[in-house]
Amino acid sequence: MVRHFLRDDDLTPAEQTEVLALAAEVKRDPFAHRPLEGPHGVGVIFDKNSTRTRFSFEVGIAQLGGHAVIVDGKSSQMGRDETLEDTGRVLSRFVRAIVWRTFGQERLEAMASTATVPVVNALSTEFHPCQVLADLQTIIEHKGTAAGLSMTYLGDGANNMAHSLLLGGVTAGMNVTVSSPEQFRPAPWVLDAVAARAAQTGATARVEGDPHAAVAGADIVVTDTWTSMGDEGDGLDRVAPFRPYQVNDALLAGAADDVMVMHCLPAHRGEEITADVIDGPRSVVFDEAQNRLHAQKALLIWLLEHS
Ligand code: CP
Ligand code: NVA
């Protein structure tokens, strides 16, 4: 059966551990695995802007021996009226995997419903699971382990990063807190999936309105943009309600002494995070960006092996 990676809980906790171990191995020895030798093709489609995802997948696929076909979704027939189901069938005849950055999660599900090769979510409105694999790799590198650590995310609790940090974090056994204004809380259906996964791993998940209470004793503090791609015209005030959730020195004073600060990037200095913090010694944001390459190579190797 073909394996897709559309959301963080598409990998079981044991499978996520395998992928993260492979990511560390791939980082040590980047050219040891060549599952796409030929080269075989991988389709990489973007319906939204990207820097890290675009570069890391293209380089990673080349390092696995393959060829990335990078397409702007709007310029393909998907941008007209060809169905996602037909696109999944057609692309499966050409490529070994389909990597796609798009809007609603239901679009990825429609593509995966007919694709006979793995479909990978390279960011949707609801989830950003490749990013969280890289984040977990970074946490393990710096802290030795992820399980048992407490991670607090501040900002837009309803966006893809909040959802994936919750779901991927509890899969890894982390105790995850999301702190956001009332009107930007995680989706209830995501919290249900998080609770189901947390029950398997013994992790905890919590939504906490007070940012100071949320960061108290946190090992890891994470934030993300207050306005995600696609949210620009939603008519909501995406500045004033978020100001108390800015990651700055005053807020971090309540976290663990060795707190580590993360951000998937791109960052907006002076908005969700201060320049002092993101450019300071507690920040690992560029290790996090680099690990996109290794974590995604490991994911592709694993999915190809298991499909
Ligand atoms: N973090 C991330 O996905 O970056 P890009 O939008 O640049 O791909
Ligand atoms: N939440 C952000 C992440 C960007 C990598 C967005 O969706 O725009």
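Each residue, glycine too, has its Cβ placed from N, Cα and C.
Curation does not apply to TrEMBL; its annotations are automatic.
Sequence-distant neighbours of Ser50 (carbamoyl phosphate binding site) (same chain, six or more apart, CB under 8 Å from its CB) are Arg101, Ala122, Leu123, listed in sequence order. Under the heading carbamoyl phosphate binding site, TrEMBL lists Ser50, Thr51, Arg52, Thr53, Gln77, Arg101, His128, Pro129, Cys130, Gln131, Cys264, Leu265, Arg292.
Secondary structure at Asp224 (L-ornithine binding site), taken from DSSP and collapsed to helix, strand or coil, is coil. Every protein chain considered, the tally of other Cβ atoms within 10 Å of the Cβ of Asp224 (L-ornithine binding site) stands at 26. Marked as L-ornithine binding site by TrEMBL: Asn160, Asp224, Ser228, Met229.
Confidence over the domain 'Aspartate/ornithine carbamoyltransferase carbamoyl-P binding' (3-141), given as mean pLDDT on the 0 to 100 scale, stands at 98. The annotation domain 'Aspartate/ornithine carbamoyltransferase carbamoyl-P binding' is assigned in TrEMBL to 3-141.
Among the features that TrEMBL reports, domain 'Aspartate/ornithine carbamoyltransferase Asp/Orn-binding' is placed at 148-303.
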* Structure fact -> Taking every pair from Asn160, Asp224, Ser228, Met229 (the record's L-ornithine binders), the biggest C-alpha distance in Å rounds to 12
* Tally of helix, strand and coil residues over the domain 'Aspartate/ornithine carbamoyltransferase carbamoyl-P binding' (3-141) according to DSSP? -> 69 helix, 23 strand, 47 coil
* Filtered binding-site residues, from Ser50, Asn160, Asp224, Ser228, Cys264, Arg292, whose Cβ is under 6 Å from an atom of ligand 1 -> Ser50, Cys264
* **Cys264 (carbamoyl phosphate binding site): tally of other CB atoms within 10 A of its CB** => 25
